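Structure record follows, encoded as structure tokens.
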Amino acid sequence: MAEHADAPEETPPGAAGSPARTPPEVDRVAASRKAVAARRARASLKRDVSMRVIEPQQLFERALADPTSPAGTMRVPEFLTSLPAIGEGKRDRILEELSISPVKRLGGLGARQRAVLRRFLDARFPPQRARGGRSRLVVLAGPTAVGKGTVAGYIKEHHPEILLSVSATTRPARPGEIDGEHYYFVDDAEFDRLIETDQLLEHATVHNKYRYGTPRGPIEAALQAGRTVLLEIDLQGARQVRAAEPSATLVFLLPPSWDELVQRLVGRGTEGAEERARRLRTAKRELAAQHEFDFRVVNEDVASAAREVVESVQVPSR
Ligand SMILES: Nc1nc2c(ncn2[C@@H]2O[C@H](COP(=O)(O)OP(=O)(O)O)[C@@H](O)[C@H]2O)c(=O)[nH]1
Ligand SMILES: Nc1ncnc2c1ncn2[C@@H]1O[C@H](COP(=O)(O)OP(=O)(O)O)[C@@H](O)[C@H]1O
């Protein structure tokens, strides 16, 4: 093929004057690989938006910052159908309302179209606001394997002034886990007693299996002494804490991408395929609840995520 590249008879009709050259085979292979990679990157970004790992506005800003990026080369209709609760019918109505042609790519929108799309996104997906009057009781929640335990462990090591609450659980101890340090390992009867005597601030059955609960005493004592208290608990627990202590600061930990979350779950190697699939279904539901939280922290890098969690109590409400 390559030897014909310059042959004039290969010039397609209509390519007036431009000596259309068929690119050498290697270039075409490279180009098609690049196109496949770009499609994959766009698919992965769309997954992030539909799973709510990133906000639609974030994808849009990335597109504007770099029109040649996966976000920038995404067509507007593709973007719209990746948004939560927008199907093809709604997509077409929105395009018409915003007067944006379906062939447009996000990175190629004109100033007016950018402005109307941004207004549409802000109205439909209002940016999150931290509530005022929040206390030093910090709840850290987030989907399975996002790194809650890792970030909480980092905070425990680097911030001895912060109390990391130790939960009670009916789950058996894993090798290396110490009673009273990682959890208070109790049986069902003891867990019932803790509930009946009102010793738990919240409690829940997690992953349909074992019961977990937050002992109330140590938290109240630490808060009274002016310390920050960190609870690393699941979504049901976070909701109960908010109901019991509305001033609690709620932080939702996010993965950098959905693909990375799956990688972390697989990489941790503590669950089989069936359990992993079940946890990922739960993760999708949990991600959909992130607007109930005051802050979203992306766990890209453990130290930075830990810093953001620690600083959340100091952030004034907006
Ligand atoms: N509601 C509630 N959830 C908890 C509590 N302690 C731990 N959890 C959650 O229970 C889940 C399972 O924890 P664990 O048994 O350590 O397993 P792993 O985190 O999946 O390795 C995690 O999502 C924790 O956030 C608690 O006191 N209350
Ligand atoms: N920022 C990070 N970057 C890369 N891997 C991480 C990060 N944070 C945690 N991990 C890894 O991800 C896996 C899940 O973390 P873990 O703390 O057990 O999650 P969770 O407590 O939310 O279920 C672990 O293998 C952990 O080492």
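Just so it is clear, glycine is given a Cβ too, placed from its N, Cα and C backbone atoms.
Long-range neighbours of P143 (ATP binding site) (same chain, six or more residues apart, CB within less than 8 Å of its CB): P255, L261, R279, T282, A283, K284, E286, L287. Among the features that TrEMBL reports, ATP binding site is placed at G142, P143, T144, A145, V146, G147, K148, G149.
Per-residue confidence over the domain 'Guanylate kinase-like' (135-314) averages out at a pLDDT of 96. Look at TrEMBL and you will find 135-314 tagged as domain 'Guanylate kinase-like'.
Residues annotated as region 'Disordered' in TrEMBL: 1-33.
In sequence order, L253, P255, L261, R264, N299 are the residues of the same chain, not among G142, P143, T144, A145, V146, G147, K148, G149, whose CB sits within 8 A of the CB centroid for the ATP site.
Ligand 2 lies within reach of A145, K148, G149 from the binding-site residues P143, A145, K148, G149, judged by a C-beta closer than 6 angstroms to any of its atoms. Proximity to ligand 1 (Cβ under 6 Å from any of its atoms) holds for none of the binding-site residues G142, P143, A145, V146, G147. Cβ neighbour count within 10 Å across all protein chains ranks V146 highest among the binding-site residues A145, V146. For the binding-site residues G142, G147, G149, counting C-beta atoms within 10 A of each C-beta gives the highest total at G142.
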